[in-house]
Amino acid sequence: MDSELEDLCSYVNEKIGNIKKILSIRNLGQDPALKTTLSKIGDEIIAVNELLNKFELEIQYQEQTNSSLKELCESLREECEDVEHLKEHVPPHLPQVTATQSLVHKPEPDPKESDKAEEPGLPKKPPREQRIIKEMQFITMDEFSDVPAYMKSRLTYCQINDIIKEINKAVVSKYKIMHQPKASMSSVKRNLYQRFINEETKDTKGHHFIVEADIKEFTALKVDKRFYVIMHILRHCHRLSEVRGGGLTRYVIT
């Protein structure tokens, strides 16, 4: 109780002291000699107040600018991380950049060599017609996105295109043997050639196809459940069709 009374007395005394100071300042303001000085001080206070308002607005602007710069830095950091991720995960099946032939300096033809070339000699054999081996096209990101989730499960875009790369390897290996003259074949290739012929049907005529035996012969792929899932996806993406018969499934490149 005594403590509260002392606090109240202290508070009242403080207020009385403030009133006395105000009254003394008021009396000073009535002095004609000080009115001009007080007026100037008032003008200075107004000017300082306006300056403080400008400082406050500038501080708000700087805070907004700082916030925008932080957001920009964060956005740039994320973009840099995305670029680094792309650099580190470039699909291996993408074509490599090569120098074009137009940039390669070709030496001027030697007139003497041209004269020699024009001299009649032994007739040359006509060049053998280059046979084109049809390869499977890689799937695009849009096509991969359209594959139902239940079908692709945890398979990635790159994993599917890696399988396509191996399938193309098997196709090229098979049809290089098919296009090779039989006289130059080894016994192993001759046996493979005969198997290729036996596997053909009227439905595969004029088309490039492989069977599981070709996958095992020319690649290191395992013909397992994952392989069949990917073949199902490739059929969904119209990269191949299946021709069955004689206990074989022929994967026709479309």
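Every residue, even glycine, has its Cβ placed from backbone N, Cα and C.
Look at Swiss-Prot and you will find 56-90 tagged as coiled coil.
Under the heading compositional bias 'Basic and acidic residues', Swiss-Prot lists 105-129.
Cβ neighbour count for THR156 (phosphothreonine): 12 (other Cβ atoms within 10 Å of its Cβ, all protein chains included). Taken from Swiss-Prot, the feature phosphothreonine applies to THR156, supported by similarity to another entry.
Same-chain residues at least 6 positions away in sequence with a Cβ under 8 Å from that of SER241 (phosphoserine) are, in sequence order, ARG235, TYR251, VAL252, THR254. Sequence annotations record features per position, and here Swiss-Prot assigns phosphoserine to SER241.
According to Swiss-Prot, the region 'Disordered' annotation covers 88-129.
Sequence annotations record features per position, and here Swiss-Prot assigns region 'Binds microtubules and protein phosphatase PP1 subunit PPP1CA' to 131-254.
The motif 'Slightly degenerated SXLP motif' annotation in Swiss-Prot covers 92-95 and is backed by similarity to another entry.
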